[in-house]
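**Q** The transmembrane segment feature in Swiss-Prot is assigned to 8-28, 35-55, 84-104, 107-127, 132-152, 162-182, 215-235, 264-284; the stated evidence is sequence analysis.
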């Protein structure tokens with residue numbers, strides 16, 4: 001029984017978000033860590049993410065049944081009813097937002113709510129099914145966790161938080177396009193208009209390369225504005241350039257497109273994990289305090 005209630009929350013997505021929210025929190029803490037606040041932020045946001053995923057599974061039952069990758073989800077194979085998944089998601093969301101509201105600040109809660117509404121309301125219910133821009137809309141919600149972590153610790157939205165939001169939003173694009181390429185048949189069967197399906201793999205390749213290049217530029221803004229040190233700059237440039245070189249290999253004659261897309265996808269995870277860990281460790285002790293919107 002417990003297993004299906006865990007599976008419906010997409011634990012892999014939760015774990016990925018744990019790393020980014022912790023990275024944002026440690027970056028903003030600048031060595032002065034409130035461990036109770038950190039724990040409450042991580043648990044609270046994890047529950048909010050779990051809630052969104054459970055409700056996403058409830059809404060997506062029809063298209064999940066058409067995709068090889070998702071047809072065995074508990075909401076599709078009958079192990080869990082849609083009603084149970086929905087109310088499970090509601091309970092998790094209430095607890096998660098309650099924790100964030102009690103322990104953090106209105107800025108962090110507002111961004112968590114923004115991400116939730118975008119993911120469940122805009123992305124899941126409309127853009128994923130109807131628009132090629134669904135990936136971009138989804139990327140907005142996917143970029144929220146590190147910003148929530150940052151704002152929970154800093155008590156404000158500043159240039160550092162803005163850079164994190166932009167950086168993680170851009171990162172989502174090549175990451176998601178790569179998935180859409182090697183899962184092309186699934187998305188086509190479900191009628192989901194992701195870029196490779198609706199406008200072709202060639203265009204998706206170009207977008208992957210452009211977004212990786214943009215990601216490298218935005219990631220460099222954190223050290224250039226004084227939020228992190230040279231160590232982050234080195235890791236950011238090394239991983240971004242390697243990722244870009246990997247993406248450019250997609251133009252080699254006779255390339256196995258699915259294999260190439262999987263490599264781009266897996267390295268995207270390595271890149272964002274490396275940067276999340278590095279920004280947690282290589283912070284500057286004094287914040288530049290640029291573009292400040294305080295919580296108090």
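Each Cβ is built from the backbone N, Cα and C atoms, and glycine gets one as well.
Quick caveat, the model's predicted, so the values are computed rather than measured.
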**Q** Which bits of the chain, at least 6 residues beyond where the transmembrane segment (8-28) starts or stops, bring a Cβ under 8 A of a Cβ in it?
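**A** That would be 38, 41-42, 45-46, 49-51, 53-54, 56-57, 73-75, 80, 85, 88-89, 92, 145-154, 160-161, 164, 168, 227-228, 269, 272-273, 275-277, 279-281, 283, 287.
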**Q** Residues sitting near the transmembrane segment (107-127): Cβ under 8 Å, six or more positions beyond its termini, same chain?
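**A** Cβ under 8 Å, 6 or more out: 41, 44-45, 48, 51-52, 55-56, 59-60, 93, 96-97, 100-101, 133-134, 137-138, 140-145, 147-149, 151-152, 155-157, 293-295.
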**Q** Check for me, if you would, whether the transmembrane segment (132-152) reaches the transmembrane segment (215-235) - at least 3 Cβ pairs under 8 Å, residues 6 or more apart in sequence.
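**A** They are not in contact.
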**Q** Counting only pairs at least 6 apart in sequence, do the transmembrane segment (162-182) and the transmembrane segment (84-104) share 3+ Cβ pairs under 8 Å?
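**A** Contact between the transmembrane segment (162-182) and the transmembrane segment (84-104): absent.
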